[in-house]
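What TrEMBL says about this one:
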{"type": "DOMAIN", "residues": "4-357", "note": "domain 'Isopropylmalate dehydrogenase-like'"}
{"type": "BINDING", "residues": "76, 77, 78, 79, 80, 81, 82, 83, 84, 85, 86, 87, 88, 89", "note": "NAD(+) binding site"}
{"type": "BINDING", "residues": "96, 106, 135, 221", "note": "substrate binding site"}
{"type": "SITE", "residues": "142", "note": "site 'Important for catalysis'"}
{"type": "SITE", "residues": "189", "note": "site 'Important for catalysis'"}
{"type": "BINDING", "residues": "221, 245, 249", "note": "Mg(2+) binding site"}
Ligand code: IPM
Ligand code: MG
């Protein structure tokens, strides 16, 4: 097939890792007889430097007119003091809202090869962790009514959800659960918030269509605790924009694989947005030190969810596993074995890591 992919390298290590994502996509295209065309998009700090705003409409349009978008990372201390309306993060919100990608899939998986990096005790982790967070992405307090009083002494933001906004998220949660452990946990603050009580009502209603799935509810505070106390109780989690933001960082950290985790943001039929969950790591930008695997795995999600190319997606994921099995590590995932990895000649940089994945795809 022939497809167009918008690339947003962004800031910091973004360009380093997106370059490797593209190398891997090209290897897949060659092996399986596809053609991927790329369109470059400037967003985030890079766009602030160039045009004084983080996401000009024409850049967003390139994404809207492509079949999918692959993003590195945006932001960095350089733009810490710009006005709130033009912060690099606004590029992300503009992309999410503009592309109407209302559901954010954040798989928190532990790579067994990197088990040592997991901060939890062995008896808690057992055979590994595999949690899928489905986070609402274009509503709630991130997009709700907000303001600051004239005297600057009062400020507010609003958590507001409609039945439809909730329904499409919990439905997606149920659908994913059907192909996994058949467990869905909706996380909210229904002991306090009206909007959370609506989440529960919608989830219970949609549950009737998925009787095989075990539905449970947890309050956000308890869920944050349960994630470190007994993470294996979770299969799929569905939650609001704000709670999903917080829980997905926690979930990624407990896997010990933060440099490895991918994400997909999906809407109705339109192009999806794919990005590693890590940030811009400006201190190592351009130094061939960043781990490109999360971006490479995001490219796999792109092939799976936007193009329906399951075999190709699996080929990338298998290649990543093979590279890890073979003992290759970037600095961030070498952990306590760093010296041994180095002595074995397997401590590699961004480019080499990308090339290894390509080699395994071609093997
Ligand atoms: C994330 C990030 C963003 C969010 C920020 C950078 C706006 O934390 O993707 O989780 O809060 O959604
Ligand atoms: Mg976050």
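Any Cβ shown, glycine's included, is placed from N, Cα and C.
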How long is the line from the C-alpha of residue 106 (substrate binding site) to the C-alpha of residue 142 (site 'Important for catalysis'), rounded to the nearest angstrom? 18
Give me the mean pLDDT over the domain 'Isopropylmalate dehydrogenase-like' (4-357), rounded to a whole number. 96
Students should find that the Cα atoms of residue 135 (substrate binding site) and residue 189 (site 'Important for catalysis') sit apart, in Å rounded to an integer, by 15
Binding-site residues 96, 106, 245: those with Cβ under 6 Å from an atom of ligand 2 are 245
Are there any residues at least 6 positions away along the chain from residue 189 (site 'Important for catalysis') with a Cβ closer than 8 Å to its Cβ? List them or say none. 196, 219, 220, 221, 243
Rank the binding-site residues 80, 221, 245, 249 by the number of other Cβ atoms within 10 Å of each Cβ and report the first-ranked residue. 245
Please work out the number of neighbouring Cβ atoms within 10 Å of the Cβ of residue 88 (NAD(+) binding site), leaving out its own Cβ. 26
Among the binding-site residues 78, 96, 106, 135, which residue has the fewest other Cβ atoms within 10 Å of its own Cβ? 78
Cβ density check for residue 84 (NAD(+) binding site), other Cβ within 10 Å (all protein chains) comes to 7
Residue 106 (substrate binding site) in three-state DSSP notation: strand
Residue 135 (substrate binding site) falls, by three-state DSSP, under strand
Given residue 76 (NAD(+) binding site) and residue 96 (substrate binding site), what distance in Å do their CA atoms have, once rounded to a whole number? 19
Cα-Cα, whole number of Å: residue 82 (NAD(+) binding site) versus residue 249 (Mg(2+) binding site)? 25
Near ligand 1, which of the binding-site residues 78, 84, 96, 106 have CB less than 6 Å from any of its atoms? none
Cβ neighbours within the same chain of residue 86 (NAD(+) binding site) - under 8 Å, at least six residues apart: 48, 52, 53, 54
